[in-house]
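Positions annotated as region 'Disordered' by Swiss-Prot: 247-295. Look at Swiss-Prot and you will find 303, 306, 326, 332 tagged as Zn(2+) binding site. Under the heading coiled coil, Swiss-Prot lists 345-382. What Swiss-Prot records for 448-506 is domain 'COS', and it gives sequence analysis as the kind of evidence. If you look up Swiss-Prot, you'll see 513-607 marked as domain 'Fibronectin type-III'. Annotation comment: Swiss-Prot describes 589-780 as domain 'B30.2/SPRY'.
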């Protein structure tokens, strides 16, 4: 877990961590060193002086802190805001950094962008030296000049991990929220490791927060307005008692923090500097959390924009805790908000659920490591077995095989070393992933233990995403050995003595699978579906990864793949009726695809057998008699479809009227699967139908009524539907006699039998019928 608690800039445990807009964390002192100015601000600054590494960092940190206080004071800086980059130079000139400046200039207008590291900025972090003061000028004058130059400039900070840059507003680095949970976890982690003997006295003394000495000097004063601890030298350099600091009150450092037991019982890392009334500044977190401990810690975290208000709600749009003033008068006024406690519990539950997945993967990884170690032992044992066998065979041919024996032993050893290397590489890789996942899991568990809802919600989204990414890295093949413990080597000792010098290992290479055998006794057809079964021939030693089943189009066309997988039984539905299909299958493995099997010919049913489909019918439709009888519970017309779909061939089915009350208008015909089901069939463009009462009938499509024909239905009548997709026509019959002319021509596509009726009608479906040859002539239509 320690890697989760280290700053990506300094590599040490986090000190006063702040949360960047990209959800990554960085120490506040480190943030001051990596903050940069945009080109608008850089053009007002003098050419920076090249400093040594130590003096540059020291002066940069001191100037940044000093200018942060000056900016907060207000009058001296002319409203330059709290830019933490105020004491930093404009960056060294040159081709590499010039591209970086252009990148920042084009993206930080939006407050968020990306940053591409140049040759002069390794790891994506630019640490700029401070602007030197003009010769002979005082420190205050230098700060005043720097502040005046910053009044018309803006600054940005680049994340050292994802290289995204974010603009700093008038508050500077104080505008970023402090990660109180991470700070508390770091403190608890340090206490858990235990203090080194002889360092307890030093740890009990408050230290200067601006010293870059190792170790830092003890703090001599604490500014109540800035909430920063200073040693004597840093106080004179960074916080002189003149200018905007003249009204600041310097006091003695607070007492040391309580023992670990007391610190664990109270809130940690939440202290903020006390607000002042006269333009005083307050760094985010300041020294209160790190030095004063429980003596100045607040019980509840406060809103950075309304410092006297506690967090009470959670803004869903901005994903941040807010106070009630933010909702009434701030930028969150019209945003969606939810109770803080509810969102805290919800995000904790999400993180816990994600952790369960990572925990399962970690458990599998541990078991996998055990398996790999067993493979190591098996490889050793199998290698020894092969060596012993080889020695025995070579001893039988002492005179002729002496020199050849050494060569063969070398090959076995190389094979063994290769396998061992592969397994060790996989162990190291898996161990690294496991350690990363375990560290992340321990860190997340520590986060869950915290009882700070707002702090938790500040980092929960990022943690959930990281946990999900960590879970996704354990892909399917990651927990499978890359090599086998078996040695695919065989020594053939049969050849004659004259062939001894050609004696070598026969390595069994993976070959393509042989031809699969179709199991014709298990292959069958039912209605418009076919089932095929196959198996591999006996004594097949080649591995099989899967099979490919191919089927033609039922008209002698080209084959196409209809199934790819490991099963040896497959059923294909939705084929054409009265059609002949050819099928074949082949196997494949890592070496390639094997040859095709013999082709099997399958004939689908000559006629269609189907029922009403309970899944596609309207909810008011009532089906019975094994889904062959339909009625309705509503007085309105409702639609039900059949289970078959037709796109070619000639099909005929009949519907027997079991009940007919109060002269309703049932409709019979065909429709697309997307037909509207809460009105009469034929009123939309997805259905072609004939609706009929007790006296006459009409054809209807797109709500267009045509071909009124005398003759209706009653109880006991039979309505026939003839769909001829070879001629693309639809014809209707009543009691064996054609009703009117051909109802519709030029019908093309996929159609399903359809029916609409209300509660006054009940019909029974009869399918599997041959097309009648003795149908009567059509009745003349009335129009």
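Glycine too: its Cβ is placed from the backbone N, Cα and C atoms.
Keep in mind it's a predicted model, so treat the numbers as computed, not measured.
Distribution of Swiss-Prot features across the structure.
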| residue | record | DSSP (3 states) |
| --- | --- | --- |
| 303 | Zn(2+) binding site | coil |
| 326 | Zn(2+) binding site | helix |
| 332 | Zn(2+) binding site | coil |
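The list of residues near the coiled coil (345-382) in space but at least 6 beyond its ends in sequence, with Cβ under 8 angstroms from a Cβ of it, reads 416, 419-420, 423-424, 426-427, 430-431, 433-434, 437-438, 440-441, 444-445, 447-448, 456-457, 460-461, 463-464, 467-468, 470-471, 474, 479, 481, 483, 485-487. Counting only same-chain residues at least 6 apart in sequence, those with a Cβ under 8 Å from the Cβ of residue 326 (Zn(2+) binding site) are 303, 305, 306, 315, 332, 333. Per-residue pLDDT, averaged over the domain 'COS' (448-506), rounds to 79. Here the domain 'Fibronectin type-III' (513-607) has, by DSSP, the following mix of helix, strand and coil residues: 0 helix, 44 strand, 51 coil. Annotation: 332 carries the greatest number of neighbouring Cβ atoms among the binding-site residues 306, 332 [cut-off 10 Å, Cβ to Cβ]. For the recorded Zn(2+) site, residues 303, 306, 326, 332 set the reference point as the centre of their Cβ atoms, and the other residues of that chain within 8 Å of it by Cβ are 305, 309, 322, 323, 324, 325, 327, 330. Around the Cβ of residue 303 (Zn(2+) binding site), a 10 Å sphere holds 20 further Cβ atoms from the protein chains shown.
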